[in-house]
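Here is what TrEMBL records for this protein:
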type	residues	note
DOMAIN	88-583	domain 'Amino acid permease/ SLC12A'
DOMAIN	592-724	domain 'SLC12A transporter C-terminal'
DOMAIN	759-846	domain 'SLC12A transporter C-terminal'
DOMAIN	861-919	domain 'SLC12A transporter C-terminal'
REGION	1-29	region 'Disordered'
TRANSMEM	91-118	transmembrane segment
TRANSMEM	162-184	transmembrane segment
TRANSMEM	196-216	transmembrane segment
TRANSMEM	222-239	transmembrane segment
TRANSMEM	275-293	transmembrane segment
TRANSMEM	313-335	transmembrane segment
TRANSMEM	442-458	transmembrane segment
TRANSMEM	464-488	transmembrane segment
TRANSMEM	500-517	transmembrane segment
TRANSMEM	523-540	transmembrane segment
Amino acid sequence: MASQQRDYKASTLSFHQEEEEQPSGRDSPKCSLCPCLTYKDKDTGPSSGFYARSMVLGWLCCSCLSLEALHSNTTERCMPRGEPPKIRCMLHMWSVILYLRLPWITAQAGIGLTWLIILLSASVTAITGMSISAISTNSKVKAGSKSFLISRSLGPELGGSIGIIFAFASSVAVAMHTVVILRIKWRHQISQQKNELQVVGMVIVTILLGVALASVEWESKAQIIFFFLILLSFINYLLGTLLPTNPSRQATGFFGYQGSILLENMVPQWCGPEGSFFGMFSIFFSSATGLLTGTNISEDLKDPATAIPKGTLLAIMWTTLSYLGISATIGSCMIRDASGNMTDMGVWNGSCLRPECQYGWDFSSCRERGSCLYGLSNHYQAMSMVSAFSPLTSAGVFCAALSSALSCFVSAPKVFQWLCQDKLYPVIGFFGKGYGKKHEPLRGYLFTFLIAVGFILTGDLNTIAAIISNFYLCSYALVNFGCFHAFLSQSPGWRPSFCWYSPWLSLLGSLLCLLIMFLLNWWAALIAVLLILLLLFYAFHKKPGDDLQGSSVQVGTYRMALSYLVSLTNVQDHVKNFRPQCLVLTGPPSQRPALVDFVGALTKKMSLMICGNVVLVSEVGMSENHVNWLNVRKIRSFYTVISAPRLRSGAQSLMQVAGLGQLKPNLLVLGYKQNWQEVQISAVEDYVGILHDALDYNYGVCILRMPGGLSPATQHQAQGESKKVGLIRHTSQSLSWIRSLSYSFPLSSWAVSLHRQPQTLFQSRQGWRTVDVYWLSDDGGLTMLIPYLLTHTQKWARCPVRVFVSSPREQLEDKHKEIHSLLRRFSLGFQHVTVLPELTGKPQETRSGPTPYPIRLFPSFLRQYSQDAALIVMSLPLIPRSACPGALYMTWLEMLSRGLTSPIAFIHGKQQDLLTTYCQ
C-alpha cells in the first residue's frame, strides 16, 4: 500500500512538473497520468465573452466553443477593431452652423442668450449621451447604431421604425450638406447657374461614394484630415482676433477685444422674421444632430462599451466649449452693423452712443436705411473676416460640410443594412447583403447615393431640412425613453455600468426632445410622429423573430400581465361577466385542427384557451413545435402537456392544475371518441368517466363530433363530400357558400400548406346556413351561449340560429310563446323557435338496453330538420354514473349523431345561471 501511494505521488508530481513547463492557453500538454490518451485541450476558463457573446476587451468572440469546435482541429480567432468615435462626433457637431450662423445668432440673441441656447442644446445632447452610454455599457453593441440601441432596449418595433427614418434622413442630409457647399462657393449665382450647380453637386456626391466604397480606413483618414484642417481654422480665427486692427477691418465692424463691444453685444437685438429665442434655438440645434455619429460605426470600434461613452461625452464637452468660446470672442471684438465704407470714418455725431463712435466711426446712417452689409448681423462669413488668413477659414467651412456629408454617407447604409438583416420590413432585404470580410453594405451605399442625387436634382431641401431635424430628435427622444423604460421595467438584465446614468434625467431628456420638436416646426413634428406610428403599426403586426427578443417592452408586458392577474384574485365570478374559458383535450393540436378551430372561434382571442395533451411517461416531448403550429394558425392559446399512465388520470390532473388564479378553465372541450366500439371497455369507461369528473370539478362539458372524425385526412374528405351534396341541393345559395366548396377540390399548389395547416369547416365562411340548437335540458344557459358567441364571429355572422325544444302535444303553442319570450328577454337575437312533440309510451328494448323515447325520436328529427345545417348544438344527455355503463352511454350518443353530414356539439353546463334577464 505504501509503495502504491509513493507511485501515485510520483506520477502526480511529474504531471505537475510537465504542466509548469508547458505554456498555458488553448494548447494544453499531454496527460502524463493517461499516456494512452494524447489530446490538446481547447477548453478555456470563465470569460465575459461566453456570456456577452460579443466584444471582450476589443476582440470579437462569438461565444464559448461548441462541442463541434472542441472535437475539431480548427481554432477560432478574434478580429481586432477600429478607433473611438470622439473625432467623428466632433466633426459632425462642428457643422457649418459654427462658421456661418453662430456669429449671426450671437448678434440676434446676444452673448448671454446665445450661451443659454448653447447650454440648453448641450444639456439635451449630454442627457442623450448618458442614455447611450448606459445602454452601451449594459449590452452588446454591434452594427446598426441608434437603431440597434433602441431595438435591444425598447423593442425591435421602435428600433426598426427609427432605423428606417434615420437612414432616410441621413441620406437626404448628404444632399443637404452638398448643397451647403455649393451655396458657400457660388452664393451669388444660385439662380443663374442652377443646372451647373446640380452637376457639380452630383460630382461631389460621386466622390463621396468613391471614398465610402474604397474602405472604412480611407473614410477614417479623410475624416482625420478634415479634423486637423478645422483645428487649424480655429487657431487661424483666434490669431486673427489678437491681431491689431486697421481702418479697412474697422470698416467691416472689427475693432479687436473691447469691453464696450462686449457689453453692447451681451443683450439681444431681435430683427427679422426669425428674431426670437426659439427661432435662434431652432437654427442652432441642427448642429447637435451628430450626437450618435460614433455609434453608427459601432462594429468598427475596438471596445464599444468603453469607446461610445467616452468618445460621445468628450465630443459634447469639447464642441460645447468651442461654441461658447467662439460666441464670446467674436461678440467681444465685432459690432453688429457696419457699412464697409471708409467714408463713415471721422464723421462725428454728438448723438452717437455706439461702441464704434469712440474710435471715430459712425454707422448710424446705414442702420437707419437698413443697408449695412457687414457686421455680425449682416455678414454670414464674419469669422473669415476676423481670421488672420481668411482662405484657411473658408477651407474649414468646406471641411465641416464635407465631413458631415461623408459621415452621413457612411452611417446611413450601415443602419439600413442592419434593418435588412433583421427582416422587419419586406422588400428591403436586397440591401442587407454584405461584401468582404467586414460585410460592407455596398448596395446600401448605392441606395444612399441615388437618394442624395435625387434630392439634389428635384428635392426642396429647405422644406426637407425641418423634417430631418425632427427625425433626429425622434431618435434622441426614443433613446432616452428606452433607457428610462428599461429602468422602469425593473428587468434583472438592466445593469448598466455607466456611473453617471440617471433614469430621471433620461425621462427629462425625452420630454425636452419632444418639446423641441414642436418648437422647431410643429407640422414637421406631426409628420415625423405619424410616420413613426405608421411604421410601428406594421412592425407590431409583423412580430419580430426570436433573435430580436429580450427588450424592456417584453419585460414591461410581463410585469403588467402579472399585476393584472394578481388583481383578478379579488374579482368574483358573476353571470354578467361570464365567458367560456376552455380546456381543450386536443392531444397534439395538429392532429385535431377542427377541434382547435371550433374553440378558437368561441374564444375569439377574448377568452382563455388551453390545449391539453395527455401522454405516456415515455412519450413526453418538447411543446415548442405545437405552440408554433398554433401561432401559424393564428390561434391564441396556451399549450400544456402532462404525463400520466392513463387518459383519465391525466385529464383529472389537467382539470385540477390548469390555469392561474381566476384565469382558469370552466369548460372542458373534447372530441367524440369515434372508435369507441373498437377499443377495450376500460378505455370507454375512462372516456365517459372524464365527463363525470369534469362536472365534479365544476366544469361544463362540450363534445364535438365531426363527420368522418377529427383527424385532418378523414375530416377533410367528409367535409368535401358534404359540400358537394350541399351544392346539388342548394344551387341558388350565395357566392360565399359556393366559394367554400373549393376546399373539397385539392390543388397542387396547396399540397404542402394543406398538409401542414389543413382547412376546416370553422375557418370558412358559412353564408346563410343555419345553426340548429336542440335545447332539451336547462343547464344554466351554456347550450344557448355557445351558439351566440359563435355567430358573433366574422365567418359565422350570417348564420341564422334556430332553436328546437320539446313539449307535450297539448302545450305546443304555450311552449312556443314561452321560449320565444324568454329568448327575446335574453337579447340573443334568436328568432326561429320550433317546438317538437314528446312521445309517450314505454321504452323499447335493444341489445344494449332500454332506449328512451327522446333518444329514438331525435335522430329522425335531426335528419329531417338539420341535415344541411352548418352546426348542430344539442344538450348533452346526462345520466348518473352508477345508473348507466359507459358503453351504453356511448351507444345513446352514437344513435343521436350517427349518419349526420353536419358537425354536432353536445353541451352540458354546470347548472349555474349564465344568462340573465335583468341587472343583478
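Yeah, the Cβs are placed from backbone N, Cα and C, and that goes for glycine too.
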Does the chain bring the transmembrane segment (313-335) near the transmembrane segment (91-118), so that three or more CB pairs sit under 8 Å (pairs 6 or more apart in sequence)? yes
Residue list, the transmembrane segment (500-517) vs rest of chain: Cβ under 8 Å, 6 or more residues beyond ends. 123-124, 127-128, 130-131, 133-134, 281, 285, 470, 473-474, 476-478, 480-481, 483-484, 487-488, 524-525, 528
Any idea what the model's mean pLDDT is for the domain 'SLC12A transporter C-terminal' (592-724)? 84
I need to check the long-range neighbours of the transmembrane segment (222-239): which residues 6 or more away from its ends have a CB within less than 8 Å of a CB in the stretch? 87-88, 90-91, 94, 99, 211, 322, 326, 329, 383, 386-389, 392-393, 395-397, 399-400, 402-403, 406-407
Where else in the chain does the transmembrane segment (275-293) make close Cβ contacts, counting only residues six or more beyond its ends and a cut-off under 8 Å? 85, 88-89, 91-95, 97-98, 101-102, 105, 108-109, 113-114, 117-118, 120-122, 124-125, 128-129, 132, 145-146, 173, 268, 312, 316, 323, 404, 407, 411, 465, 468-469, 472, 475-476, 479, 516, 519-521
For the domain 'SLC12A transporter C-terminal' (759-846), what does DSSP give as the number of helix, strand and coil residues? 33 helix, 20 strand, 35 coil
